[in-house]
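S.K.: Before I ask anything, let me first share the structure, which is written out below as structure tokens.
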């Protein structure tokens, strides 16, 4: 009997720590067979897999993921693969999991609709992982931004009411939606202001887009995002409406908070008088038929670029319309009122110029100044064909879109990707260097230089998933897995040196394997 107890004690001593000290949810599926993982990815469309160097390395993550699994039950699946286990090693190699660096003990990979989606690189917290699994393509939580540590982040109506009841200091509360572009613009300034006024005023944020916050939206008249409300001792006083403000503007306003001043409505351009003809859905066709040469500016009252161009356009109209020998006229259309015309001419940005010769629409170059308007209207000529875009040029750069991004990268051992916008001046400066780098490695089948135009509609989700916040952004991928953000020199020498270092590492590892044999 004593020997039996001794044997049991011995077994207890060698039991893995996680079995004895970590409560792992039965909702976490442990997998070691590649076929089992393949089957699971085929039948589940939202899977987060924890790959660990060993059982011990996985311990703290398993504790956290056990709670996550319960929170996303029915919406997502969590699996665990112990790469230190002999049976699982083959699976980890097949899934291209590299835990060889000394400081790398675990990896979290997300799979969606049966395919690799991304390496999880957001905050490893209950709230962040749950939010990610409930919306894998959604933006990170605001509180994940290290710069937002001084903003009080509110998650529930209960927490909001508690804050109002207990907070003695003045409170500036931003009600926002995660997808809102205006919110994203002001957030960095809001959080910077929060740091500057810390100890004197509380700045807080709350995502009220979910339907459970309808009561709060109704109570505080949230009709758009963001809506920023000012409170003192829990009592709502008024809204802060300077949504284009900087951190300094917010801090200055908080020194003496005042309600918004009633805005004086702007006089419509058509009512100001002037030399430009203002056309509508009803009279546009007749006007264009009666005038042999018409340049039309489609505009919107709120558009800053339109306001900047308006005096130039008016001055040019005054000159042209006062010249008896000139047959050209300038006209304007408010696209927010005359929606039929805006739709007919596919107006999607402001200002947009359209030119009509004898009633027929013709191409018009980019014109913005009084001088250019006059010169061109005195001698309208078809503009030269636009230069081919980077994507249209014959180069060795792979131009990827959301549909083929993952599959293409998985086929290349080393890929440097440039996320860019065609209008971005920094991008234009880098493009020749990046193109030359791609040409230099065009014969190496394991290397690729790729580019993604983030302005294209079909790429916007992809650029958001890859956390692209500025242009250009460079990411290095190893068989489709994001390894690091490239932040070295943006020159041909910088790019080629980085890639050559990667290839030299490949050769050293190959030589070492040969020596081991």
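Glycine is treated like the rest: Cβ placed from N, Cα and C.
So Swiss-Prot lists these for the protein:
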type	residues	note
DISULFID	83-92	disulfide bond
DISULFID	180-183	disulfide bond
DISULFID	303-306	disulfide bond
DISULFID	424-427	disulfide bond
DOMAIN	132-259	domain 'Thioredoxin 1'
DOMAIN	268-382	domain 'Thioredoxin 2'
DOMAIN	376-504	domain 'Thioredoxin 3'
MOTIF	514-517	motif 'Prevents secretion from ER'
SIGNAL	1-21	signal peptide
S.K.: How far is it from residue 424 (disulfide bond) to residue 303 (disulfide bond), counting Cα to Cα, in Å?
M.R.: 20
S.K.: Whole-number Å distance between the CA of residue 83 (disulfide bond) and the CA of residue 427 (disulfide bond)?
M.R.: 41
S.K.: With DSSP as the reference, give the number of residues of the domain 'Thioredoxin 2' (268-382) in helix, strand and coil.
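M.R.: The counts are 43 helix, 25 strand, 47 coil.
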S.K.: Can you tell me how far the Cα of residue 180 (disulfide bond) sits from the Cα of residue 303 (disulfide bond), in Å?
M.R.: 19
S.K.: DSSP on the domain 'Thioredoxin 1' (132-259): how many residues come out helix, how many strand, how many coil?
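M.R.: Helix, strand and coil residues of the domain 'Thioredoxin 1' (132-259) number 53 helix, 27 strand, 48 coil.
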S.K.: For 92, 183, 424, 427, listed as disulfide-bonded residues, tell me which one has the smallest number of other Cβ atoms within 10 Å.
M.R.: 424
S.K.: Among 83, 180, 303, 306, the disulfide-bonded residues in question, whose Cβ has the most other Cβ atoms within 10 Å in this structure?
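M.R.: Result for the most crowded candidate: 83.
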S.K.: Reported as an integer number of Å, what is the Cα distance between residue 183 (disulfide bond) and residue 306 (disulfide bond)?
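M.R.: Cα-Cα distance, residue 183 (disulfide bond) to residue 306 (disulfide bond): 23 Å.
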